[in-house]
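Okay, structure first, notes after.
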Amino acid sequence: SEGRSRLLGAPVPVRENDEGLQRALQFAMAEYNKASNDKYSSRVVRIISAKQQLVSGIKYIMEVEIGRTTCPKSSADLQSCEFHDEPEMAKYTTCNFVVYSIPWLNQIKLLKSSCQ
């Protein structure tokens with residue numbers, strides 16, 4: 001496993017349009033919205049930083065700014081949800097998410113979620 005061990009290691013930056021990153025972020029936001037007791041859904045405003053780390057799967061380490069949308073929790077298509085106009089309603093927050101993904105086993109889990 002000489003070749004494999006070289007791949008493991010430090011987190012490296014990942015492009016915002018990376019498919020795995022997008023999936024990880026979507027998953028993190030779904031979990032965030034599930035756990036929040038807000039009646040509105042939140043979604044990502046912008047990605048501040050994103051890294052991936054190859055362990056026995058892929059760990060995505062993300063710092064994102066999220067905002068509260070005008071859509072209730074039940075709404076399916078979050079991407080088309082508008083953000084609240086009033087800043088105190090929009091509640092922009094910076095969150096750190098760590099998602100662990102093993103795509104070939106179809107496994108994904110949120111390891112860390114902390115928002116300021």
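Cβ coordinates come from backbone N, Cα and C, glycine included.
Residues or ranges marked as site 'Reactive site' in Swiss-Prot: Gly9. According to Swiss-Prot, the motif 'Secondary area of contact' annotation covers 53-57. According to Swiss-Prot, the feature disulfide bond maps to Cys71-Cys81, Cys95-Cys115. Annotation source Swiss-Prot lists phosphoserine at Ser80.
Features recorded in Swiss-Prot, as mapped to the structure shown.
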residue : record               : DSSP (3 states)
Gly9    : site 'Reactive site' : coil
Cys71   : disulfide bond       : strand
Ser80   : phosphoserine        : helix
Cys95   : disulfide bond       : strand
Cys115  : disulfide bond       : strand
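When the recorded positions Cys71, Ser80, Cys81, Cys95 are ranked by how far their Cα is from the Cα of Gly9 (site 'Reactive site'), Cys95 comes first. Of all Cβ atoms in the protein chains displayed, 10 besides its own lie within 10 Å of the Cβ of Ser80 (phosphoserine).
Comparing Cys81 (disulfide bond) with Cys95 (disulfide bond), their Cα atoms are 19 Å apart once rounded. The disulfide-bonded residues in question are Cys71, Cys81, Cys95, Cys115, and the one with the fewest Cβ neighbours inside 10 Å is Cys115.
For Cys71 (disulfide bond), the nearest neighbour among the listed recorded positions (Ser80, Cys95, Cys115), judged by C-alpha distance, is Ser80. The helix, strand and coil residue counts that DSSP assigns across the motif 'Secondary area of contact' (53-57) are 0 helix, 2 strand, 3 coil.
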